[in-house]
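As given in TrEMBL:
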type: TRANSMEM; residues: A:16-40; note: transmembrane segment
type: TRANSMEM; residues: A:60-81; note: transmembrane segment
type: TRANSMEM; residues: A:102-127; note: transmembrane segment
type: TRANSMEM; residues: A:147-165; note: transmembrane segment
type: TRANSMEM; residues: A:172-190; note: transmembrane segment
type: TRANSMEM; residues: A:210-230; note: transmembrane segment
């Protein structure tokens, strides 16, 4: 499995993948910098009780859709490395199991998106410091805001890597992922059981952890289903 | 002494109602270059995909190195190098990086990359991105990748596809040398008989998913019976003369054809013709080409 991961990391060299992982959080932070720059007095007044939490709330409004979109694009790019030149057949004629290969791709996306979230958390601190919001950074709150959406989005990660690998035509997973992202932006009125609502962490109990657990559980179920499907198919 | 490397039993693959490969019994023994021959769409690639565990047979079994591919796929694949159809590569990576991505999975020593690159003469282009390669160079890279793990069995699907003439000769020589130098067994598929004729020691001919011939290349060549063509004056009457003298001869296109017999017999016939005052212009041996035999076989005209 370690070898599979080493090989996967080698294969994303010189692809735009790593660049996108930086670009996503950077874009969010830059937009928020503009937001706070233009409306500094208004927003600082609005969040005067807790400036940092106010900033983090604003950031997460943009962050969650960008995470969903980023996840869609990253999984598609990872799968497309093999689709591009029909490299699956070469890969599976090597002494590796299909499970290892599939998990390798999934794990690669998981790691990259974790970095995506970590960069965002770092970026938020940098932005807050620039805005002179003081040294009392609520780190725990920041971690929650940055990584809870990530865990709650696990079903989408499993779904997107599955679709991207199963279809050579990347229009299919990309459409599903982009539609999902748009759908999720209107999810506040959805019932709690709809996964598109989960990454926003807003539920009727006021307990974001429920969605984290739901995301991890559903994500695991989807991943196992995808693995079974992937093992059953002939290689194209 | 020779061990069976590949053995399939009633290997069948069905796509819906279409039978792509039908009851194939392949036998490949150690150290042979097995030429897998058939027209496009005959089922060669489908068969090779099944041998490599890329697709599952509908029926039948495959044993490689005596192991059931269904049960011990990984341990079999460790000793198999392959190239299937169009070459697979990662265009954004260099040749070395491409091989490295595979080497990691094979657990081969790093020095092996240089070795295989020089075997296929890509050492000069080792650090160029592969998307800039010509088709022939990509094909060589594919062959290099197949050799990376020092395989005991090489399965190459149309390996000379897209190569220029000198490249074809190089790869052919490489393929021919492998069994001698490293004891490797090779399966080479092609739709070109001349290609197989120059490399293979064993031949399997497949047409419409069915094996129609499987034997050594010499057995195939033996089918290429030759006959003697005589160009003479007044051919028609000369043929009648020969028949009356007891030599079976056929006539077509103003030429006489006789079975190829011993030199003395031919000399005797010529002497008779001269004696009867026919002018003998040409005495030639006409060999039925392998190509013709191949075409006859795949057109289902049976054994002759």
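Positions of Cβ are set from backbone N, Cα and C atoms, glycine also.
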Contact call for the transmembrane segment (A:147-165) and the transmembrane segment (A:16-40): at least 3 Cβ pairs under 8 Å, seq gap 6+: no
Contact call for the transmembrane segment (A:172-190) against the transmembrane segment (A:16-40), three or more Cβ pairs under 8 Å: no
The transmembrane segment (A:16-40) and the transmembrane segment (A:210-230) contact flag, 3+ Cβ pairs under 8 angstroms: no
